[in-house]
Structures are given as C-alpha cells and as structure tokens.
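Enquirer: Structure provided below as structure tokens; questions to follow.
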C-alpha cells in the first residue's frame, strides 16, 4: 500500500497484481484504514461521472482546483481530530459513518486556552443548538448517502442513537427522574416517587457557597423527552413532543436557555466564553429596568422573572401546571414534598425551610444572577430573612396565580408572551425610584441670581460675633487672599450670566442629591459662602441637625459653639435680644429682606476646625480643580437651651447616687420628666440625641423647664444614657441610637472628613462637597 493511499489521497490503486495483493493484506489488517482509503476515491469517481469530465492521475490529487472542497467544521470529532482530517458539523460525521464509527463519533477536546485553565471541562462544551442532531440535516444527509449502498443501514442506526451517544453513556444515569417518567408515560400518570426524586428535591440543594447554584451535570444528556410532557397527565401530549431544545440543565440558573442565549451564533469556540459574553451583555442591557419593545422581548430581552418561557416552548400544559419554567415565584407549582398546593408558602422549589437555612443564621447570602426573582434580594442584617422572603412570596404567588388562570382561559396552548413593561406593574420594586422632578423645572424656576454678596456679609458678621479677635484675623487673612480672584472672575458677568450660574448650581445640586440619597456616608453640600445647600440623612443622625434647620426652613435654636475660646463681642447676644439666633428664619443679619438664612459651615465646626478649613479653602478655591483635602475635624452637636437644662438636671441627679447606678438613674429621671412635659417633635426624627451638650456652655442660672426639644433629647432611646462618665466602644455604636451617642459628653463629634471644590463654567468655585466619617 503506497503512502498516498495510507494518507487518504484520491489516487486510485495500481493495477499490478502484486500491489493489489499487498493492498488486500493491508485492508484485512486494518479495515478502518481501508474504508477510509476507498471513500475519497469513490467520492472523486462519482463526481467525475456526474460532471462528465475525465481527469488524469496527475490532476486527481489534493491540489486539484476542480476537486469539490469540504466546508471546514467549527469543531472536529475526536477521530478526525486525531487523524488531522477535515470533519463536518453533523454528528456522526461522514467519515465516521463510512468507517463504521458512528456510535463513537463525538466532539474532540481542544487544548484549553490560558484564561480557561480554571474552567471545568463541563463548562467548555460547544454550543447547544449547534451540536444537537438536527432532523432536517439528518434527512438531507440520508438522501445524499443512499448512493453508497452498504452505508444506508449504518445511517439509519446513527439517526436513532445520536441523542444517546452524543455524550458519554455513563453520565446519563444522573437524571433518574427522566428514566422513571419515560417508563410511566404510556400509562398516563406519574408515580409519586418521581416527584420525590433526589434530582429535583430541594433538599438536594445543599448550597455549599453563598453564590452556589443547584449542581447539575452539564456533561450528561437526558433522554429525548420534554419536561412538560413528562409532567403532564395526558399520554397524547407526550407522544407529540419533539426533541428537547434546551439540553440537560433545566434548573441550572447559569444555563443559556434561561436567557434565550443563542450561543451558536456568537462565533465562540467554547460554551464557557460565549456564556460569559452573553451574561455580560444581558447585565449591560439592563433587562427589566428599561422597557424594550415587545419584539425585542420575544427575541430574548426578558425581564427578571423570565416570563417568556411559555407552554409554546415546553409543549402542552394542563390546568394543574402553569406554562412557565421559571415564573415570578420560582417553580411555584412544583411540590416535591407531596404537600397540598393550597398553601402558597410551599409552592416553590425553594421552600420555607430551604430559604431559612440559607439565610437564617448567617449573613444574607448572594444568589447567582437570574437564579431567582428580585424577591431573593439580600435583606439587611437586622431583618428576618425568613419572614421577609415568605411575605414577598405570598404576594408574588397570588399575582402569578391570577395571571396564570387568565392565560389558561384565553389560550392554554399558545399564551401571549409577557413583555418587560408588563412586569414592571407586577409590584416588583427594584431599589429606590428616582424622584419625579425633571431638570427642566430648574431652568424654568430660576429667574434671578443668588446674592452671594449678602451671603459673605452674613458670614463675616457671624465670624466676628463667635470667634475671638485673634481667630477672626486668621480667617479674614485666608478669605482676603482669594478676594481679588473672586472680583476678577465676576466683574465681567452680567445679569444673564449670574442667572445662568445659579441654574448651573441648581442643576449640579440636582445630581448630587441622588448621590447623597444613594450613599450611606454623612454628606453635606454647601455654596462657596459656606451656606448649606444639601444634606444627607446620615449627617443629621450623626450631628442631630435637622435638614430643615440646616437649609434655613426652620429656626436655628442651637447654642452649642464649642466653648473653646471667648467670643469677639464678649458674649453671644443676638441683635434682637430675644434669645433667637440671627439665622433662625428671621431677616439676614438683622437687616431687611425677609429671606431665611441657611446654616453656615462655620456653625457646624469647632474653632480650630473652622480656621483650618478656610486656610485650606484659600489654597484650593482657585488652585487644583481636581484637588481634595482630607483631614480631621470636630462637628458640633445640635443643642438648644432646653437640652442644656435637661443635661444639667441629669448631672445633679447623678451626684446624689452611686457611681455605678447614678448615671442611669439620673438619665431615667430626666427622661421621665421630659416625657411628661411634651412630645419629642422639635428636633426631628433623626436628632433624638440632642442632650449631648458641652458642660462649659451650660448656664446654671437657666432653670427653664424642658420643652419638646428636651423630650427628644431624653427620649426612650437615650434616657438612660446621659451619664458623662459612660464610654462607648466599637460594639456599642450600632444604628441610629449608637450614632446619636457620639459626642454626647462634650457636644463634639470627632470625624475624619474629605472635601473638594467644584467649579462652574466660569471657573468660579460653585459648591463644596464634604464627606464625614466619625472616629470611633
């Protein structure tokens, strides 16, 4: 046998008897190679007879341009890959059929790429639709192969056994539910043992890791049956089912069938990379957040509930089985434990015990993407996962049942697909909704510029009243260094420019408000004059300052100024003389105008922090536009005169009792006295710890009875925690109650804070954004 014959070249065997005898011996020794060597020759000879062309022996070789060429397959089978021959996309391929190896024809294993070394072998399977045996291709292949005569019987056997022999036969035993269901389909019922099989029993889902999903062997191929036909009670529907279009993993959340991924059309060499690419695209498109068109929904842009998997995909469905694989409640009509389906708490595959076991005694576990609806979102550590999840399941099951009943009444065989806009009205809340305010309202509402001149005048007057002459001079020097720059940048601006500047400020503030609401860090935003323009809820909890007070919508009754230095005027006496701060909703600086005044940033910091801030602000205002400052400061707690009186009374009650119990008893007496006086409404819901005053600022002569502010200060949360000797550890600071106790002894909260300056289109400092974190 010549070398060309061994390599499968189309050169016909020589006519010499000796060569024929030698070839016959080789064929007897290796019949597979003999059939291979004859197949190209027969194929070439057939082509020559049909085209009516005659070729010489020199032209009938592999380099012949007229030789019909095979289309290169995306992945060769194992036999063709080992022989380095051209294979086809069909399974079994033509070469294996001619060699009689159709039973062992399967995809070859490629060498892993470096970035896939950590991927399991089961995840590197090729595309599902590409590798399943196509009936139409099988019919065409059978018609083209009938000319070969002896190969027709092998083709018939290959068509019958292709589904069972595509993967290893040993792995087919993992899915016991299908074998049991197949044996009972002819009888029209399914025994209860099928429903209690371990392959679909929720008790088999051990959840080894927070992000784990039910373990299904992707390397196995179940029998050619449909899930819906296996679970139905009519044998007629089971006989009409076609081949399963979704392969083996019916319950695997990472399976591409759950998202309508067409892996074969992605031109990936392996399933692992294609699935990762498709999942990233599914996440990036935000399915369920933005309502796409119905046509896009039918193509695969489905929402979180995966509602487009209807009975049209899975065959006929009876009234006892809704036409959804993964509905809003996860598989709520599967009842593996055999219990009654009237209890909505037990109608899902993740029953109450499973959910409680996964999320009960540990931190809230995460779930794989799209493995469950948004009802499985991780709750807070202080909530009860069992109660939260089950309440959400009750609501979801009720709505799902009503929708399923309506679909069965209209058309149980072809229910209409549920579009993503319809899912948004099912009661699924995804995060906090964006406020309905439109940016267009900002441009329509701003009609006049903001008076920064009066703001700086008010700031100067406040600094002169609060600080000593030496500290006032330090702040004045810092502001004087940037005053020429402000004058130079604003002297060319007209009225329209100033209005546009205010519109830019309001529009930027509109964006920052969303950021503040989404971020859990205590944050404030103020103008370049230091006036507070926006504040987060966490800042109010930390310092006790209400948002309405900071923004100038309510009177500012704070008397806590830190008390670290004597004031410039000797005493902090307001101009109106009635004990009300000038910035308490009255006219600015005691003058006319009737404009409410927001709180200045200097009112929130102690003396040293204010001086340090303005020195840094002078360097950063017209310096580095992307720069920021990170340092420490002391925030002043909000305290009124009534809070000071309540704290003073608590200290007097403390002195009469033992050290170990005096603090708690005194605090309790204050709480009782304050509670009998009025309700805690003055200082807001987030500022219930306002009895955290500095003892240096406490006026012993002031014996006014506690008002509503003192009631808030000595409420039930903090009535027994007013002892100045009490210390707080890291474990004691938890929730709003713990944050309110920070700085309750001296009225100061030591914080680390970072702030930056944002400029407008005229390169003028527009606003200051500050983030605080308490030092515990």
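The backbone N, Cα and C atoms fix where each Cβ goes, and this holds for glycine too.
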Enquirer: Under Swiss-Prot, which of the candidate ranges 140-159, 260-279, 360-379 is annotated region 'Disordered'?
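Expert: Matching range for region 'Disordered': 140-159.
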Enquirer: Pull the DSSP breakdown for the DNA-binding region (77-105) and write it out as helix, strand, coil residue counts.
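Expert: The counts are 14 helix, 1 strand, 14 coil.
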Enquirer: Report the mean pLDDT of the predicted model across the DNA-binding region (77-105), rounded to a whole number.
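Expert: Taking every residue of the DNA-binding region (77-105) together, the mean pLDDT is 88.
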